[in-house]
Amino acid sequence: MFSFIKDGRQKLSEGYLCVCEKAMKMFSHHCGRTGQPYATIWFLVFLLLLMHNIGGSLSASTYLTGLGSYDITGPAADVNMMGYANTDQIASGVHFRLRARTFIVAEPQGNRVVYVNLDACMASQIVTIKVLERLKARYGDLYTEQNVAITGIHTHAGPGGYLQYVVYIVTSLGFVRQSFDVIVDGIEKSIIQAHENLRPGSVFINKGELLDAGVNRSPSSYLNNPAAERSKYNYDVDKEMTLIKFVDNHWGPVGSFNWFATHGTSMSRTNSLISGDNKGAAARFMEDWFEHSSYREAFNSQYLNKSRTVRIPRRVSSIISDPHKNLDVLMKLAASFEPSQGRPATRLLSVASRVRNALMQAEKPQFVSAFCQSNCGDVSPNIRGAFCTDSGLPCDFNHSTCNGKNELCYGRGPGYPDEFESTLIIGEKQFKKAVELFTKANEQLKGKIGYRHSYVDFSKLEVSLPKAGGGTEGVKTCPAAMGFAFAAGTTDGPGAFDFTQGDDKGNAFWKLVRNVLKTPSQEQVKCQHPKPILLDTGEMKVPYDWAPAILPVQILQIGQLVILCVPGEFTTMAGRRLRDAVKTVLTSGGREKSNSNVHVVISGLTNTYSQYVTTFEEYQVQRYEGASTLYGPHTLSAYIQEFKKLALALVNGQTVEPGPQPPDLLNKQISLLTPVVMDATPIGTNFGDVKTDVPANSNFKKGDKVSVTFWSACPRNDLMTEGTYALVEILQNQKTWVPAYDDDDFCLRFKWSRPAKLSPQSYATIEWRIPVTAVSGVYRISHFGASKTLLGSISHFTGSSSAFVVV
């Protein structure tokens, strides 16, 4: 067996050898001394499984692969969150951090593609434009709009204000430069990382069903699709997850990206903490799983069968072997550490204290895992269904109302009424499925790297449709408009006033209000029928464009994987029709030899954002998704037509027309967000001082919540990019504080608030829910921040709580 390891063609990388060594120790530890023979047997079984997987992983590579990741967490105070369009949903802290994650796959002497997944609500046209400008300045024509795709996971818990069209930044009081800059910077840095990490490697693909992470939130619309079409599918939402696994020839597995359709709405419209929601959580879980428990956990069935707790081994060891027997010793030790007074610090201290920085090795690429969005338009993670908050009864099926009103109809997640628990559960479900697919991925992507991209004016696109009796008929798309049911919201986040889903008539009062802004023409009314127009956004140009007209359509190809990059939220059936149409072209429409084993995935919310895309039949029902299908009833047909053109050009090696360029509206942006004027503390108090400490002589158990409040300053003064506002430290060697958890951990929450709306004073409450995997010992909680003087200078500070014991 070990001579097999030495074989030059299939030798194990250093990373795998490390895994094997750790696995042997793990088996020995669980079996004990008397179980050593069994440990050896189990180790050999484990090694055979690993060798089987590595045999595929280290097969002849045909690509260069590189991955990167960078912090894009925006302002954690004062800024409206993007997604629910709820003016009361203002950021006031961090649940866990947001990141831009990138992969690049390149032919050694040929084409390459870049794919960036953002922990953000969606991509933005102006963000894409400015990222491409930076890439051109750095790399010339290596990375362009043709081969770069930027997409969002659709979390509704990230700061808004980074899009350029009016309708998407009204609730954020216009453009928020800080939100925009951190996203553009993070995308650029993640692409630079991926570019510099390019090395020979392989890409593997795997697919599987995940049955309980999404339900259809507009089933009455779905049922309006033809019965014969619906009968081809087992479910009214897509249940398939598609995952690609990146394997470096030297380091072994270095990352994975997957596509699965479910909304980023586990966190509710009242949440105020920045969060990547269920997909961001899944990414954090998987990256920690790989880095901390190494590849061996993939073969630990006990781990995979855990139904609730994400088991992420910690980075530090216990200072006392049996804390229960030595509680008095721990308590005495903890009592010797009183809270530290707030004191000046450098920003670098926050960055250096970040837990995951200590894990990164300069010579080894970090493991990057992204959970990407697909055709999630009508898919909700609130899988328990929609219920009325007043009666507890199910909402009306057709209109999602309670006694005729939509405001009381809410979807319930699996952790209801705890939205954090729901986020954990749905994130964990995706994480576990991804681990399963990752460990079993053995179909290698081989073949050419390709891409096609075009800009299309969807406000007046001529579309040719087949007629039932043969021949074709011509129809057109319309300038963008939103229907009355748009204002009704969804069961994930209902709207206000008297709007309802399924409204195809409108309301006289709201039509009068609409006409103050813009009265739609009769041609527009006819084109959008049966949608009653609430906002004629495509024809509203003051102070600048309210909605996009020119949209990017793009296809990326990596061997037998084809990614359809769409700038919106396709419903389940709309996505199925698009995939099927493109796959038909790819497998039978080209001059080249077709590949029937092609895998087609939809990348939703990519490169820009243009709301929803339903089928023609779903559009007739005018629920929220139909009312938000901007370009009229033939929007989906227009997409299918344009993507078929791209697919045909791809298989035939032909070029496509670039199309009209979208506008760059950056210089026209308006911002009404008030800047931070200054920060202050009460007389005799320093920034970073403890306001409310842990109880004296306290000890906590796993599962308890520890809370400490500090005098703080506005988080907008410094986003602490690649750093942390909050830190849990464990005492080692009775004298050294070691980072254990930070504000990128699911269990730690950073909450910021002011005693009054216009007060210069503020405080930060850090809550730590002690994980069952936490190491017993002595801990403390620390806070990092930055204050602003009236003259505008910024000063960083830090402070720490009293020590306490966890047993």
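A Cβ is built for glycine as well, from the same backbone N, Cα and C atoms used for every other residue.
Note that TrEMBL annotation is computational and uncurated.
Annotated features, as they stand in TrEMBL:
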- S380: active site, nucleophile (ACT_SITE)
- H154, H263, E569, Y612: Zn(2+) binding site (BINDING)
- 63-641: domain 'Neutral/alkaline non-lysosomal ceramidase N-terminal' (DOMAIN)
- 643-806: domain 'Neutral/alkaline non-lysosomal ceramidase C-terminal' (DOMAIN)
- 35-55: transmembrane segment (TRANSMEM)
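Projection of TrEMBL feature records onto the structure.
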{"residue": "H154", "record": "Zn(2+) binding site", "Cβ contacts under 8 Å, 6 or more apart": "G83, C121, M122, H263, G264, D277, K279, Q373, C376, E569, G604, L605"}
{"residue": "S380", "record": "active site, nucleophile", "Cβ contacts under 8 Å, 6 or more apart": "G214, V215, N216, R217, T262, H263, T265, G411, T490, T491, D492"}
{"residue": "Y612", "record": "Zn(2+) binding site", "Cβ contacts under 8 Å, 6 or more apart": "G377, G568, E569, F570, T571, Y624, E625, G626, S628, T629, L630"}
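A Cβ within 8 Å of the Cβ centre of H154, H263, E569, Y612, the residues given for Zn(2+), is found for these other residues of the same chain: Q373, C376, G377, V379, G568, G604, L605. Every protein chain shown contributes to the tally, and the Cβ of E569 (Zn(2+) binding site) ends up with 29 other Cβ atoms within 10 Å.
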